[in-house]
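Peer 1: The following feature annotations were taken from Swiss-Prot:
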- Gly36, Pro37, Ser38, Gly39, Cys40, Gly41, Lys42, Ser43: ATP binding site (BINDING)
- 4-244: domain 'ABC transporter' (DOMAIN)
Amino acid sequence: MGIIQTKDLNLYYGNVQALKKINLDFSANTVTALIGPSGCGKSTFLRTINRMNDLISTVKIDGEVMFEGKDVYKDYDEIELRKRVGMVFQKPNPFPMSIYDNVAYGPRIHGIKNKGKLDEIVERSLKGSALWEEVKDRLKKSALGLSGGQQQRLCIARTLAVEPEVLLMDEPTSALDPISTLKIEELMDELKHKYTVIIVTHNMQQAGRISDNTAFFLNGEVVENGKTEDIFYKPKDKRTEDYITGRFG
């Protein structure tokens, strides 16, 4: 059994069904790419895993989302869940404060006040997001002065600072230039040694480069999922082949 499982997961926005009987199993220490055309349910699905959809009043969910064998909607407080299942969004969203304070923000909320401990967490997290060498001499400067790619790696460091087990990434490179994108992709290969990574991407080449497993979403359903090399080179469903080869999407 994987670290995360979904069983017959359905999600509705009011009367509109956005996810239909999603059954997926995510193994620990892997990168899984969620692919599919715009509006197919990838990001909606990602947000069910750490209950971000709770913030939308019209959302109704049935079925199960299991994290380490427990139902995230019944057995977890959402604050604790989001600490253990972190999220990185499409656009970098640094807080308007120093680089140091951005990374220390989460640990402080969770009660860590000792400066030595915070220093250690900040350095470890920035090293974990491959940003430390670029910012170690300006930790007290505003995070808003960083480039877009640096800001996104800062957001990853901020997520790592609270020691999650799973990282959810919603198109984390779509707003970045090719060089910054490459740095994030290289980082993901490192991150999977410590974390389980689930990434939504529209970039087929990116999905092929970075992921161990891939799930193809279409119209709120999972058409096919499995090892990335099988999905890309030996798809079982013609719709998967048509999407990956660019015939639609």
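Every residue number used here counts from 1 along the chain in the order it is shown.
Just so you know, glycine gets a Cβ as well, placed from its N, Cα and C.
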Peer 1: Enumerate the residues of the same chain, Gly36, Pro37, Ser38, Gly39, Cys40, Gly41, Lys42, Ser43 excluded, that satisfy the criterion Cβ within 8 A of the mean position of the Cβ atoms of the recorded ATP site; list them in sequence order.
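Peer 2: Sorted by sequence, the hits are Thr44, Phe217, Leu218.
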Peer 1: Looking only at Ser38, Ser43, which of these binding-site residues has the biggest number of Cβ atoms within 10 Å around its Cβ?
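Peer 2: The most densely surrounded of these binding-site residues is Ser43.
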Peer 1: Per 10 Å Cβ neighbour count, which of the binding-site residues Pro37, Gly41 ranks highest?
Peer 2: Gly41
